[in-house]
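Enquirer: Supplied in C-alpha cells, the structure appears directly below.
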Amino acid sequence: MSKGKKRLIILASLLFLSLAAMSYQRDGKPPSFFEVLSYPYYLLNEVTSEVSTTLSQARRTFEENKRLRRDMTQLLLERQKYREIIEENKRLKELLSLKEQDPRFMVAAEVIARGYDSLLNTVILDKGRRSGIEKGMAVVTTKGLVGKVYAVREDFSDVLLLKDVNFSAAVRLQNSRHEGILSGTGYGYCVLKYIPPEEAVAQGEVVVTSGLDGLFPPGLPVGVVGRVRKEKIEFFQYIEVVPFQSSGKLEEVVILK
C-alpha cells in the first residue's frame, strides 16, 4: 500500500474517532455506527440550513429596502407636485387680481415654449386669435411689462420680449418724468435712449411706459435704472434698465387690450 493511501486511511480514522467522541460527550452514550457515519451529514445539513436562512433573510431585507426607496421616491414626487400646484395657484391668483385692478385685462395665458427663431427673444403662449388676442397687444405679469404680441395664430401667440433687439417702447422715468425710448439689447437688460446729459438720472429710479407710442398703455412698470454713463462727446446719456420681470422665469402672463 502506498504512503498516500495509508495517510488518507489514518486521517479518515482520526476523523471518525473525533466525531464519535463528540457525539459521546454530547449525550453520555456511546454512539452507534450509524450515528457516527451520519454525523458529518447532520453537520452539513445544519450549515446548509443556516446559510439558506441567512440568504433568505438577506433577500427579504433587500426587497424591503427596495420597496422603501420606491415609496420614498413616490412621496418626494408627490410632495414636489403639491408644492408646484400651490405655487401655480399663488401666481394665478396674483394674475387674476390684475383683472380687478386693470380694465384693460384681456386674458391670462401660459408660457408653453421658447421661440423657435434663434434670432428673436420670444416665448409662445397657449392662447391665440380664438381668445381675442391681436398682434401688438401688451403682455405683462404682476411685476410689470414683459413684451408685446409679435405673431398670432388660432390657438397660440408669439411674444417678443423686452430684451430683444427689435423691441422698443416709449417710457418715462417715474420720479423725474424724463421721457425716452426703451430698447432691447439681446441680453438681460435694456437701454433707455435719448435722455440728454444735463438731465439728472438716479440709479434705482423706476421706469414706466408713457403711452406716447400708442402701443402700450401708460404707467406699466418696466424696470429700474441700473448703470448710468455720461460722456462729454455724446449727445445722450447711456442708461441701462433692468426689467422687473426676468424672461427666464416666465410661466403665466396677462395680455392687455
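Cβ atoms are placed via backbone N, Cα and C, with glycine included.
Pulled the feature table from TrEMBL, pasting it below:
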COILED    65-102  coiled coil
DOMAIN    111-257  domain 'Rod shape-determining protein MreC beta-barrel core'
SIGNAL    1-23  signal peptide
Enquirer: Mean pLDDT for the coiled coil (65-102), as a whole number?
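Expert: Looking only at the coiled coil (65-102), pLDDT averages out to 68.
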Enquirer: Can you break down the domain 'Rod shape-determining protein MreC beta-barrel core' (111-257) into helix, strand and coil residue counts using DSSP?
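Expert: So the domain 'Rod shape-determining protein MreC beta-barrel core' (111-257) is made up of 6 helix, 64 strand, 77 coil.
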